[in-house]
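> Here it is, the structure, as structure tokens.
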Amino acid sequence: KGWLFKWTNYLKGYQRRWFVLSNGLLSYYRTQAEMAHTCRGTINLSTAHIDTEDSCNIVLSNGGRTYHLKASSEVERQRWVTALELAKAKAIRMRNNQSDDSGDEEPASQSDKSELHGTLKTLSSKLEDLSTCNDLIAKHGAALQRSLSELENLKLPAESGEKIKAVNERATLFRITSNAMINACRDFLDLAETHSRKWQRALQYERELRIRLEETIEQLAKQHNSLERACRGAPGSAGSAGTTKGSVQSAKGEASDEDEETEYFDAMEDAPAFITVTADPKHHRRSGSNLSGASEGHPEDWNLEDSVFESSNQSSYNESCKDLPRKRRRSRIPDKPNYSLNLWSIMKNCIGKELSKIPMPVNFNEPLSMLQRLTEDLEYHELLDKAVKCESSTEQMCFVAAFSVSSYSTTVHRTAKPFNPLLGETYELDRLEELGFRSLCEQVSHHPPAAAHHVFSKRGWTLWQEITIASKFRGKYLSIMPLGAIHLEFHSSGNHYVWRKVTSTVHNIIVGKLWIDQSGEIEIVNHKSKDKCQLKFTPYSYFSRDVPRKVTGVVSDADGKAHYVMSGTWDEKMECSKIVQSSHGSASSEGKQKTVYQTLAPKVLWKKYPLPENAENMYFFSSLALTLNEPEERVAPTDSRLRPDQRLMESGRWDEANVEKQRLEEKQRAVRRRREAEAVEALEEGKDYEGYIPLWFERKVDPVTGELICVYKGGYWEAKDRQDWSSCPDIF
């Protein structure tokens with residue numbers, strides 16, 4: 001497997017794709033992450049013709065399908081051609097073996113048998129290589145002994161003769177050892193042949209068991225879907241008709257190799273593979289003590305002030321600030337109405353379109369805007385308050401990493417879509433007195449939709465970001481790709497952290513229960529100290545032995561030395577284990593050498609708050625989310641709390657909310673048409689037209705990343721104190 005360039009069309013030319021060669025089939029994907037759910041195309045090598053056009057090109061043709069591929073170098077091209085030729089020969093042998101067989105066993109069993117025989121042939125080949133080496137060793141060993149014997153016959157001092165004799169004995173011992181090695185290999189091959197039938201039976205049994213399990217799960221899924229429709233009162237005929245249409249449309253969508261309009265971002269290819277082993281605390285000592293410490297450590301120093309680590313893990317959002325003077329916040333909203341809706345009738349015309357351009361009824365929404373969802377990332381802000389107290393930058397990185405993961409905890413049940421903010425819409429969350437921070441978001445672009453966010457905390461940190469959401473509906477699933485960097489700076493130390501979000505995928509859009517998954521990698525970089533944290537979000541797989549929603553990572557310093565191991569799940573908790581020793585272990589199945597980290601007992605950095613009572617009827621909102629749309633006085637007239645369609649939906653008046661939503665969208669389209677007309681007029685007059693200018697943010701080149709980003713320019717909170725909102729546009 002590896003990256004090759006594949007010819008797509010005359011507009012885009014060659015595009016980088018991830019190719020996998022397995023069992024005589026060559027498949028390709030846009031990214032490595034797609035291997036879990038979407039194959040873009042496959043070609044069978046047993047009947048394929050392999051040709052080379054020039055030093056880097058490969059042409060594969062099979063019937064009516066042809067792949068034009070290009071490698072990055074001639075050496076890489078030759079490696080692929082060799083692998084393809086070997087795979088083709090193996091595929092032809094497997095096909096012939098199946099056709100010559102009596103047919104008593106299933107084809108899958110024959111495949112296993114062929115693979116087993118292939119393994120035995122490989123072992124035999126390696127044994128022949130070892131035998132050749134043994135012959136060479138024997139030949140050269142005999143020559144060496146003859147030379148040593150000739151030296152013994154020469155008149156040399158007694159001391160030299162003894163040394164030559166010792167060398168002669170060692171040469172003999174070496175030859176005996178090599179013979180023993182060859183004999184051991186031959187015994188191993190005999191044993192493998194003896195047990196081949198036993199292995200074959202075991203493989204066949206496991207395969208049949210897996211097939212039965214898959215069939216059972218499929219039946220259960222169908223029964224569950226039928227029961228769900230019956231409970232909701234949806235007519236069975238309409239549901240089955242929608243399902244049939246969905247399967248036809250999905251099949252049509254998959255018939256094409258790929259949609260060249262889509263942009264995908266590749267996951268990092270060389271994610272560090274590692275194993276952690278908890279060390280015995282009695283065997284590790286260290287002199288000196290302080291809060292942090294990333295060198296080989298005494299476990300008694302691995303306290304990191306447990307009360308600081310775990311103080312907030314025992315309380316909910318409301319309880320965490322109950323002793324502070326604050327306004328009493330609401331703890332519930334009206335229950336979600338039970339409206340039935342034919343999903344497929346709306347979604348069948350949306351396949352392949354940008355989600356933000358699809359007119360959606362509020363039935364698919366939750367009564368929060370995207371700006372409020374961004375603000376919800378601050379639910380576990382106390383992690384950053386604790387990070388301020390850390391003296392070590394690597395220790396501080398652990399808290400920042402836990403904070404970056406905690407923002408996904410609210411998404412596990414939240415499959416509804418937030419409202420797309422209107423251009424110029426804002427959202428403030430002023431919790432300066434209660435929680436120590438105040439947050440401001442503004443929608444700074446409509447197409448593509450982009451939101452700027454700025455948070456200031458009087459407890460010693462500032463966070464800012466500009467997020468653009470790229471999303472595609474694919475018939476079976478919805479991919480949501482947040483683009484843009486998140487910046488976090490600590491005031492006292494000047495440590496500046498930057499990271500990006502992973503891809504979210506909503507599954508079972510048409511049939512079955514909706515569920516959401518996070519996959520990809522986050523690299524957090526401290527641009528002052530150059531510390532890094534690599535976090536990997538493992539995509540969910542039914543047949544995987546890993547814990548669902550697993551997140552793992554390593555915190556390392558500027559020299560690449562690992563100090564902490566991060567582990568946990570994005571929907572429940574994150575733990576941190578201090579590394580006391582690292583070593584290289586055995587190679588993995590992919591040939592990569594795994595690093596073994598010996599760690600002290602893990603400490604819980606973050607644990608998800610329990611959901612409020614009756615959360616399943618309140619859109620699965622957390623305690624903080626329930627307060628985000630609570631009406632407040634003195635906010636800007638562009639604030640999301642004042643958006644009428646969102647307020648009507650929260651009140652359960654969905655029909656009125658849909659009418660109001662259409663009115664607001666038409667009003668926004670009229671403003672956009674007027675702005676486009678002004679741009680054309682300015683162009684005809686030879687004047688510059690600046691377009692929409694954000695009210696509270698301004699575009700600047702970020703000195704750290706070099707990207708153009710919207711940053712807060714000030715003025716909002718001062719305008720709020722004066723209650724001077726004259727500069728705000730009329731968007732509602």
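A Cβ is built for glycine as well, from the same backbone N, Cα and C atoms used for every other residue.
Just so you know, TrEMBL annotations never went through curation; they're auto-generated.
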> Looking at 63-90, 147-174, 203-230, 427-454, which one is coiled coil according to TrEMBL?
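Checking TrEMBL against the ranges 63-90, 147-174, 203-230, 427-454, the coiled coil one is 203-230.
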> Would you mind splitting the domain 'PH' (1-89) into helix, strand and coil residue counts from DSSP?
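When I sort the residues of the domain 'PH' (1-89) into the three classes, I find 24 helix, 42 strand, 23 coil.
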> Report the mean pLDDT of the predicted model across the domain 'PH' (1-89), rounded to a whole number.
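The answer is 85, the mean pLDDT of the model over that range.
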